[in-house]
């Protein structure tokens with residue numbers, strides 16, 4: 001069995017400063033790969049993290065939407081954060097998704113995440129059981145004192161927008177690193193004009209958010225596949241040619257709810273096993289075939305992994321309900 005031992009020494013590492021988080025340009029919302037029985041495939045996971053480091057990513061979100069934190073137990077979740085810190089924390093910033101729609105759970109998970117050494121927390125607003133503006137501020141008030149924090153606004157998933165008044169009310173907290181914002185360019189500009197650090201949460205908009213609207217960078221799904229190209233997009237100035245070249249890939253990735261496209265793509269690139277925790281299922285055969293054409297158009301050398309991209313058959317995928 002492959003594993004990377006978690007050292008207690010990492011629990012007491014000095015925390016990263018908030019400014020150290022605010023400066024990050026490319027943060028990858030990293031995929032969590034699985035073994036055929038549904039457990040974490042840590043060997044594949046570590047390979048993915050190393051690829052991100054080598055490709056220029058400066059941070060990773062562990063157990064976010066893309067990493068399927070919502071399909072993990074909290075024990076699994078905190079273990080994976082600790083594992084990532086222990087094995088890679090000196091080379092990349094580890095941001096643990098310890099948010100919850102329960103303030104109690106968010107507090108407890110954040111305490112555990114910082115205890116195992118994560119550099120920052122990612123916190124979504126309470127979803128499904130939505131609250132008031134005062135409730136939103138109260139919720140974030142409880143977690144912000146713990147350490148550097150990125151607030152995540154994704155109304156399409158939570159069913160509730162975090163309005164600017166809430167972010168502005170929280171912006172004075174010393175631990176408020178910034179916002180992962182999915183509403184669009186105008187909202188990004190609203191915050192950057194006030195000096196609030198913003199990461200685009202929309203890969204297809206991140207180039208313009210970065211270079212035209214003042215965003216710090218992007219928290220990206222696409223960088224799981226092409227970290228080097230996404231690094232260029234965030235660091236090397238306006239590049240409309242590269243941005244346009246990547247648009248078909250980004251459109252393909254989000255043709256179904258994330259992380260379905262990413263899980264399918266990484267399996268076809270041969271860098272993770274084609275194992276899905278339900279309720280996720282792979283993209284259609286038509287879409288799987290389209291992905292091969294997209295890889296060929298962008299260039300296989302720009303994608304993660306060393307194997308030839310292939311079209312997987314339906315029977316190649318393993319869908320796990322109990323794990």
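Start at 1 and count along the chain as shown; that gives each residue its number.
Cβ atoms here come from the backbone N, Cα and C positions, even for glycine.
Listed in TrEMBL:
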BINDING   66, 219  pyruvate binding site
ACT_SITE  152  active site, proton donor/acceptor
ACT_SITE  180  active site, schiff-base intermediate with substrate
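In terms of Cα distance, the recorded positions that sit within 10 Å of residue 180 (active site, schiff-base intermediate with substrate) are 152, 219, chosen from 66, 152, 219. Summary for the recorded positions 66, 152, 180, 219: the Cβ-based neighbour count within 10 Å is maximal at 219. For the pair residue 219 (pyruvate binding site) and residue 152 (active site, proton donor/acceptor), the Cα-Cα distance reads 10 Å. Between the alpha carbons (Cα) of residue 66 (pyruvate binding site) and residue 152 (active site, proton donor/acceptor) lies a span of roughly 13 Å.
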